[in-house]
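Colleague: This is the structure I want to talk about, given as structure tokens.
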Amino acid sequence: MQLLNIYNTLAREKQPFVPIEPGKVRMYVCGMTVYDYCHVGHARVMVVFDMVHRWLRAAGYDVTFVQNITDIDDKIIRRAAENGETIGQLTTRFIQYMHEDADALGIVRPDHEPRATDYVPQMLDLIGKLEANGLAYQATDGDVNYSVRKFDGYGKLSGKSLEDLRAGERVTANDAKQDPLDFVLWKSAKESEPPESKWNSKWGMGRPGWHIECSAMSCTLLGEHFDIHGGGADLQFPHHENEIAQSEGASGKPFVNVWMHNGFVRVNDEKMSKSLGNFFTIREVLKEYDAEVVRFFILRAHYRSPLNYSDAHLDDARHALTRLYTALKDTQPGGYAVDWEEAHAKRFAEAMCDDFNTPIAVSVLFDLASEVNRTGSSVAARQLKGLAGTLGLLERDPHTFLQGGKKVDGPSPDEIEGLIAARKTAKAERNFAEADRIRADLLAAGIVLEDKPGGATEWRRA
């Protein structure tokens, strides 16, 4: 297989991927803050890094994949108080919902899914190292802050100097900070906050800042220097910049070799956000569309490109995925093993090894589907199913998918079968006008009938 090249945000270019330990990859991806339902932006992070995880394994790497859960922060404390429940009750419920969404989207569970509240001792240890290295200080308000001016490499991920960052970023004024860009490592507790949101430390009762959580969990589980760190583009600054400052400031070692960031999800060319009111949860979308359609919609775009969300784009993805499943419906492809020496597989691998170029990889799947339709080749069908499987696609029985589709009001499977039986009776009675009417009515309802040799009729949703 070809050498893998990945766009490294830190270097601002594609680079050959060379793991720290030959044959092994250690990867960390920033996960969810569990106080609300996951939205389509979260779905993109899930699917993109699941795709990366799957391809690394397909390429023969032994992957250790860590994705954290943020189960303590201001929003969580606030939401639990609003609901009149404990923080644990709130986060447990939304972790379950997150897992349900991820499972529906075909996400392979990470090897480790650390919760921030289980790693507070490691966070305190890391803050202590930063203080000992002269990079952290306790402010007059009780918070422990990171002193960005004392870390020479601050800004290297975003490519901005401290002066640029101070001028261009919205930084909340705080007289207790030595620099407006300084960020909280340990947040001093307030009397009004619940006991389960506070831990004891040498700096007093409090809780960890958001950024220190990821540094502590990633370094504990993957080591102080690991291969890949991923997340959404919105995390590049300040979150990932601050992770670098914390981790390298404590260890004196390079933190991560390759930084990967997926692009935003946009609605009508605006970033999806609650404030703009163009916000869709995964659950809302899955009421309307099959989960594999949503996964396919995400994978048709390059992971670094903006992804424009609309019903029209999802409908187009549904039709396209239907074409792929239709190519497999009359074949018995057997096993899923890929022949990587075959021409289509080589093109597919070349695309995936070029910074995970899924649009090109998906185009290879359509080329294979055309060959299956043209020749009925079981070899091509096996390749189609096997290659798609590396993307988490085409893993269901084709007929199951083809009789699903968009989840809208329409005839149920039993109603469709009843109408097919009525059409068969009409044809037997030579009432072809009635048979044609039934076919036309079903087509208007989005149901396509296909008459097979021997008198059988199959159906699928358009």
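Including glycine, each Cβ sits where the backbone N, Cα and C put it.
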Colleague: Could you tell me which of the ranges 32-42, 318-328, 362-372, 439-449 is annotated in Swiss-Prot as motif ''HIGH' region'?
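Modeller: It is 32-42 that Swiss-Prot annotates as motif ''HIGH' region'.
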Colleague: Based on Swiss-Prot, name the residue from Cys214, Cys219 that is recorded for the same Zn(2+) site as Cys30, His239, Glu243.
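Modeller: Given Cys30, His239, Glu243 bind Zn(2+) in Swiss-Prot, the matching entry from Cys214, Cys219 is Cys214.
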Colleague: Name the residue range among 206-210, 271-275, 406-410 that Swiss-Prot annotates as motif ''KMSKS' region'.
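Modeller: The listed stretch tagged motif ''KMSKS' region' in Swiss-Prot is 271-275.
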Colleague: List the other residues in this chain whose Cβ sits within 8 Å of the Cβ centroid of the Zn(2+) site residues Cys30, Cys214, His239, Glu243, in sequence order.
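Modeller: The surrounding set, listed in chain order, is Trp210, His211, Glu213, Ser215, Ser218, His229, Gly231, Leu235, His240, Asn242.
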Colleague: Tell me, how many other CB atoms lie within 10 A of the CB of Cys214 (Zn(2+) binding site), whichever protein chain they belong to?
Modeller: 29
